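As structure tokens, the structure follows; a few thoughts come after it.
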Amino acid sequence: MEKPVNDTSVSLGAPEERNHVGEVAPKELENTQDVVEDVEKREYLSGVQLWLVLASVTLVAFVMLLDMSIIAIPQITNDFHSLGDVGWYGSAFLLANCALQPLAGRLYTLTSYKYTFLAFLFVFEIGSAVCGSAQSSKALIVGRAVAGIGGSGIMNGALTIVSASSPIDKQPLMVGTMMGLSQMGIVCGPLVGGAFTQGASWRWCFYVNLPIGALAAVLLLTIRIPDHRSSEIASGQTRLRTIVSKLDLTGFLFFAGFAVMVELALSWGGSDYPWNSPTVIGLFCGAAVSLAIFVAWEHRVGDDAMIPGSVACRREVWSASLYLGFFSGALLCFSYYMPIYFQAVKGASALMSGVYLLSGILPQLVMAILSGALIGKMGYYLPWALASSAIMLVGAGLTTTLTVKATVPQWVMYQFVAGFGRGCGMQTPVIAIQNTLPTRQIPLGMSLVIFTQTFGGSLALTIAQLVFNSCLEAAIPKFAPTANVDAITYAGATGFSSVVTPDELSGVLRSYAYAIDKTFYVALGASAGTFLFAWGMGWRKIQQKKGNNTSGVQSQPAAGDGSRTERNEV
């Protein structure tokens, strides 16, 4: 345990490596001085302005995540007669989103936070408008790709703006509120999409983004987002030539190649092509080569790289990134397969399955906000990350015991435990990044965290789908020997009852319950991954003495003002 030191040298996570005589190394002195200057210059919002900024970026993040899961695919395929294009409706968004996230993070370091965020929002809105007005399947796919490009900078920008606008002791509450509310978009997507399809048109799944995005943009335009960087960058007046020269476009091309090939391999494997097909194997091999070249290039470029080694190689950064990747995998497994359990096994409608999910959604939301506030008061985030992982493990373990005869109290309690656990720790990786990196590098760290969140979720869903399909196909001959396996799987989770006899139905229901239980082992493994990597985020006290409120804008305590914080690492 180290003694308390002046907060301006550690509150943002300045490293403290020492040489053999116990003196701080010259490079670390330089980094520490950067952080001191960073803290001395920082201003932040308070009162109504702070909450308006939080509301604006949360709304945008919510509709972006909602857009990932809201698509009413059955009705779209009926209108466009495009069953063969179903995979591209999701892949087009994910490919563009994943490939551009690190570049978006780099862009935020070179330009104004607010205007860069608004630019990404504008592109996302254009994509939504194209999707809503699409008259063909190809137009819809193009719109999804454009929306993915815009979405690549939204979550990163939202977290960066919250970090720039709020003092360190309030950031856990702000981040917890934003992530708790915005993550609702993932789990509410199917429910909202079904409501729009039944009550209006599937096109409103995309049109709904337009007024919400416009409202958020108007609110942000009326508020000055604090930005202590040079006046040229903060005001958005950096020359285009300067920006382009510092974007590391070469690194982006190699990274984009890696991301696109991996996503295509995961999307095509097991559906369009066998996993051992030359196409899928070739994509994985190409992705590995592209990643190796990207890493070598980034090492050569150094601090001017799209993802500098000084950011990616920090233990807190890669631990937080992997933590959130596993966290996203566990969350998406629950979000996708709990509705299948309710609709296929319990016979609930799409609307009622959404209602049943509230027993996991509400505790997640409440605890995300409450734990954020408590982290701000206590100053430590690692205990919350570890507690979150442990409770998630219990919740995931409980869901692996769901059966056809599971009672309402059982599935309510199981979801409650899992949701409670997720709410305790969903914001901790972001808080770790905010308190480890200097402000100028926070967007780079955020982009890496958000990329692993998206990539980890996509990978977990692919594994979950493989487990579900293989277990279902193996269970049906065992529990319903006379049933037609191909007919049942083709009919889908809500249509299989029409292709089986009454005598076969109970066996098929048991098969679905068995397959879903086994699929939740993927969530169990992902939860275990969060516990493993949580330790790497470090034992760090983030609480600082609050500054004085002056007309809605406050200044962070400067070096030597007497405020103190501790930095203790595991």
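Every residue, even glycine, has its Cβ placed from backbone N, Cα and C.
Over in TrEMBL, the protein carries these features:
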| type | residues | note |
| --- | --- | --- |
| COMPBIAS | 546-557 | compositional bias 'Polar residues' |
| DOMAIN | 48-542 | domain 'Major facilitator superfamily (MFS) profile' |
| REGION | 546-570 | region 'Disordered' |
| TRANSMEM | 50-74 | transmembrane segment |
| TRANSMEM | 115-135 | transmembrane segment |
| TRANSMEM | 141-161 | transmembrane segment |
| TRANSMEM | 173-194 | transmembrane segment |
| TRANSMEM | 206-226 | transmembrane segment |
| TRANSMEM | 247-268 | transmembrane segment |
| TRANSMEM | 280-297 | transmembrane segment |
| TRANSMEM | 317-338 | transmembrane segment |
| TRANSMEM | 350-374 | transmembrane segment |
| TRANSMEM | 411-432 | transmembrane segment |
| TRANSMEM | 444-468 | transmembrane segment |
| TRANSMEM | 520-539 | transmembrane segment |
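It is 247-268 that, among the stretches 247-268, 280-297, 411-432, forms the most Cβ pairs under 8 Å with the transmembrane segment (444-468). For the transmembrane segment (350-374), the residues of the chain that approach it from at least six positions outside its boundaries are 172-177, 179-181, 183-184, 187-188, 190-191, 194-195, 334, 338-339, 342-343, 384, 411-413, 415-416, 418-420, 422-427, 494, judged by C-beta separation under 8 angstroms. Sequence-distant contacts of the transmembrane segment (280-297), counting only residues of its own chain at least 6 positions beyond either end whose CB sits under 8 Å from a CB of the stretch, comprise 250-251, 254-255, 257-258, 261-262, 264-265, 268-269, 273-274, 305. When each of 115-135, 173-194, 317-338, 411-432, 520-539 is scored by its Cβ pairs under 8 Å to the transmembrane segment (50-74), the top-ranked stretch turns out to be 173-194. Between the transmembrane segment (173-194) and the stretches 141-161, 317-338, 411-432, 520-539, the greatest number of Cβ pairs separated by less than 8 Å involves 411-432. Among the listed stretches 115-135, 317-338, 520-539, the one sharing the most Cβ pairs under 8 Å with the transmembrane segment (206-226) is 115-135. Only residues 6 or more beyond the boundaries of the transmembrane segment (317-338), in the same chain, are considered here, and those with a CB under 8 A from a CB of the stretch are 69, 183, 186-187, 311, 353, 356-357, 360, 385, 392, 396, 399, 415, 418, 422, 425-426, 428-430, 432-433, 436-437, 445, 448-449, 451-457, 459-461, 464, 468, 516, 519-520, 522-523, 526-527, 529-530, 533-538.
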